[in-house]
């Protein structure tokens with residue numbers, strides 16, 4: 001058996017994303033990896049429950065073996081086997097991000113020998129992670145351009161600190177990915193979103209976030225109707241939380257977003273302002289992807305395909321622009337293979 005590939009988990013931002021990307025690539029390539037100095041850049045280094053749950057999910061998908069898989073561990077070895085289709089579940093029993101669990105498992109499920117069903121539990125709208133709304137409304141339609149198809153059934157929203165959210169993703173395997181070129185942003189044709197409260201928080205917070213966000217956007221974009229729905233979640237939410245996501249679509253099919261989550265002691269209008277400013281910042285640069293999707297599709301075709309770097313791993317690569325501009329992705333090597 002070939003020696004495990006060594007990976008230093010402290011490089012770049014030293015967080016969980018290097019762990020997720022490396023685990024997914026190990027599964028797809030069938031190569032053993034040993035990751036040390038896991039999350040060395042964080043105040044609490046080592047595996048947290050959500051990271052461990054993601055690794056265990058990958059292990060189960062590829063019928064592999066995981067050594068060192070305990071909470072707090074700073075070193076693990078993953079030895080992958082054959083990727084199998086079927087039903088797989090991940091539940092960190094915390095508010096760990098469901099979106100990040102999808103990021104580590106989706107690339108693996110694409111190479112199964114049949115359809116897969118991923119039952120992912122935790123936080124659907126968590127800080128420092130993509131909201132599930134972003135995954136469904138922005139990430140999903142863009143990766144569909146590459147030939148990636150999955151259904152995402154949001155069964156329960158979960159918020160910090162309880163978690164309790166549940167998303168079921170049904171993934172179809174791929175034989176190959178299609179190259180995609182996005183070089184013209186076009187004009188912004190639609191702006192919409194959702195402003196929500198859940199649990200014991202008053203509905204007024206949702207209205208205040210939406211009102212402020214609309215006012216801020218209209219300072220720069222005056223000729224479009226801005227449709228931000230205000231919602232009070234009751235039966236479909238576990239725990240209390242509030243937040244807003246605003247999405248803009250262009251005439252050429254580009255999609256941008258801005259989002260923010262409420263925190264204790266932070267006024268609702270500030271939350272709405274932050275989301276609106278994020279969206280406007282992503283529109284002002286006149287590129288084809290926003291600052292987060294830039295990290296989720298790779299334009300360095302020599303090292304990765306569109307699924308390499310899923311999530312918020314801020315790639316520090318000389319081939320990457322300092323601001324999002326254009327995307328020209330051509331899958332290379334084995335069909336749909338992160339090279």
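Cβ atoms here come from the backbone N, Cα and C positions, even for glycine.
Copied from TrEMBL, the annotated features are:
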type	residues	note
DOMAIN	12-297	domain 'RNA 3'-terminal phosphate cyclase'
BINDING	103, 292, 293, 294, 295, 296	ATP binding site
DOMAIN	183-283	domain 'RNA 3'-terminal phosphate cyclase insert'
Surrounding CB atoms that lie within 10 Å of the CB of residue 295 (ATP binding site), all protein chains: 20
The domain 'RNA 3'-terminal phosphate cyclase insert' (183-283), counted residue by residue under DSSP: helix, strand, coil: 32 helix, 38 strand, 31 coil
Average pLDDT across the domain 'RNA 3'-terminal phosphate cyclase insert' (183-283), rounded to a whole number: 95
Densest Cβ neighbourhood among 103, 294 (binding-site residues), 10 Å radius: 103
Cβ atoms near residue 292 (ATP binding site) (within 10 Å, other residues, all chains): 21
